[in-house]
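Quick look at what Swiss-Prot lists:
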- 1-18: signal peptide (SIGNAL)
- HIS84: active site, charge relay system (ACT_SITE)
- ASP220: active site, charge relay system (ACT_SITE)
- SER647: active site, charge relay system (ACT_SITE)
- ARG665: site 'Is essential for the Asp/Glu P1 specificity of DPP11' (SITE)
Amino acid sequence: MKRFFKMALFLGVSALYGQQGGMWIPSLLEGMNAKEMKTLGMKMTVADIYSVNKSSLKDAAPHFNGGCSSEVISDKGLLLTNHHCGYGQIQAHSTLQNDYLANGFWAKSLAEELPNKNLKVTFMVRIDDVTKQVLKGTESITDETEKAKLIEKNIAEVIKTAPKEAWQENSVKAFYDGNQYILFVTETFKDVRLVGAPPSSIGKFGSDTDNWVWPRHTGDFSLFRIYADKNNRPAEYSKDNVPYKPKHFFPISLKGVKEGDFVLVFGYPGTTQEYLPSAAVAQIENVINPARIGIRDIVLKVQDSYMRKDQGIKIKYAAKYARVANYWKKWMGETKGLKKSGAVALKQQQEAKFQQAIQKANKQAQYGNLLSDFNRLYKEIEPYTLAANLNSEFIFRNIDLLSNGSRLLQLEKALEDKGEQSFNDRKKNLLNTFKEIFKDNDKQVDKDVFEKVVVFYAANMPKNLLINSLKNFDAKKLADNLYNNSFLTSLSGVESVLNLSAAEFKERMKNDVGIQFVRELKEMNDTQVFPVYDRLNTQIHALQRTYMKAILEFSKPSDRIFPDANGTLRVTYGKVAGFSPADAVTYSAHTTLDGVMEKYVPGDYEFDVPQHLRDLQAKKDFGRYGDKNGKMPLCFLSTCHTTGGNSGSPAIDANGNLIGLNFDRVWEGTMSDIHYDPKLCRNIMVDIRYVLFVIDKYAGAGHLVNEMKLIK
């Protein structure tokens, strides 16, 4: 009877989560995952993917600089990641004389490889479950703050006492909303040098227009090399360091991929929220995303109107516009995908079955109020969540005058709380920050953005959380007053204030109209919004942990219950597949270089194509990298479940060979962070044959290909 109840309870959960998708812990693949991967065509064993006793795939897939993924592709530490992951390093080495962003860069020897300050890659050494140690003593604690303090203390003890080598690091991460804790032993290499990068017209082809979009034709890759000391251990940069000898590196397949082929993606996905209740998903779909999209829509339209008329403004605002557009586009795709897949309704169906099964299993005392409590708390937090997101977009992100004011108010607080020494210590760094900000600032553009966004902000902010200055106001008069009279609108104005004594600084801050406006916004945010938001969010987090506990308690080993992404090493797998996002629209899983020429716009910053690449295409001079049909493969799709952080992840075939490089998702499937739908969710990879073609045939850097192990 007990077995029946457990299965009955999980019928509802399994219906929602029991489908392809998932981001799996590589040390825990035995059982359901192993069987499923074999069914999909995998020839490897799980020990080939993760092992502490022998070399395995994990030893060739390091975390790239804390935000991307990467893969080792030679026995000399040659490292492959995305162009957009290495963009900052490529940019840092670029000058007017040597513009590597525009023209590309290819080191002809080890001596020409370029060091990068603060760049690091981190390898996974060992993964251990430490849940019992971390949760020890917490069972009887009901106060969430006290429980969190003890957990932090226990984690610190685990990190301190877990065995490791002197050059390695220990860290502990929470899984399943705090129902499981895992120790990661890692080693970090800090001498990582730039080896090669295609020009942006290849590495960023399509830029903002093609971002999140299929069909895709972006050669999104760059090459680095890991260096180590003479003992092959991590070391700070030194000219005496030597190329790292990896425990494992990926052989590269030239065989290509076809529809239905097995694909495994190994990397470090950042954040997902797959187990949110329907109330939370509805709030994202109907409240949070529309607010964020609404503000950014205004920002982008204003900036674009100026960028189209003025080349100087276009240059200043190009990177800023791209940053704003990135998640604006993602949130729109996410919202559309949630609606199209009926995510809220599916969650509600699952919750109804969940509630019925709890009653049958006589679990009302433990779990009977979960869903009603979720509904109550999400309704209660909604105005504060809306306010917090509006404030984030309005005060801190999209308007320089307001974000500059916020920074100076933080400096003022440091002066009040920590004294003049702290004030003086922070001024220099803040001044450097302002120099960077004003380098790409235009006062009139910022004013116009403010004047239009403030109207949307005031109209959508809950009235009890709206500052008095924005009740019955004239947007044009307000903008004129702030931008004509505040020192926040120019670098010289900000510099003059930062050069004042502490006493003079405080007085000047009191009398500036811009500072006073930002102060009013921040005081409302800090005293009325966040205290309530944090209190309710703490309750929701505790409830989510209990909800996750119930899901785990009633799941079977064969159920597809994977932990949300949290920046740790994960395996996701699927198959090469196209998709149909709308009526009468069906996409193939592959693109070729032909598509680059179809999109080519001479001189365009997004769709220009280098002459040499056009020549190679015209001659069909693809070398050994073209396919049997005489085409040059470029990108392909699969059903692998990825998110931010998977950029640069290796795409691996059934035998453990590298076949591609993950770099994006399709727009229609970006809701996979919240709800994975196998019909719509696809990850986008650049075909490894195109990577090799660009390195060898386009750049003439065949010496790098010679380092690699090619499988024909």
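Placement of Cβ uses the backbone N, Cα and C atoms for every residue, glycine included.
All features noted in Swiss-Prot, drawn onto the structure.
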{"residue": "HIS84", "record": "active site, charge relay system", "DSSP class": "coil"}
{"residue": "ASP220", "record": "active site, charge relay system", "DSSP class": "coil"}
{"residue": "SER647", "record": "active site, charge relay system", "DSSP class": "coil"}
{"residue": "ARG665", "record": "site 'Is essential for the Asp/Glu P1 specificity of DPP11'", "DSSP class": "strand"}
Open item on the list: Given the recorded positions ASP220, SER647, ARG665, tell me which ones have a C-alpha lying within 10 Å of the C-alpha of HIS84 (active site, charge relay system).
Closed with: ASP220, SER647
Open item on the list: With Cβ-Cβ distance below 8 Å and at least 6 positions apart along the chain, what are the contacts of ARG665 (site 'Is essential for the Asp/Glu P1 specificity of DPP11')? List them in sequence order.
Closed with: TRP212, THR642, THR643, SER672, CYS681, ARG682, ASN683, ILE684
Open item on the list: Neighbour count, 10 Å Cβ-Cβ cut-off, for HIS84 (active site, charge relay system): what number do you get?
Closed with: 21
Task: Cβ neighbours of SER647 (active site, charge relay system) where a neighbour is any other Cβ within 10 Å - done: 26
Open item on the list: I'm trying to understand the geometry here, so how far is the Cα atom of ASP220 (active site, charge relay system) from the Cα atom of SER647 (active site, charge relay system), in Å to the nearest whole number?
Closed with: 10
Task: Packing count at ASP220 (active site, charge relay system) (other Cβ atoms within 10 Å of its Cβ) - done: 29
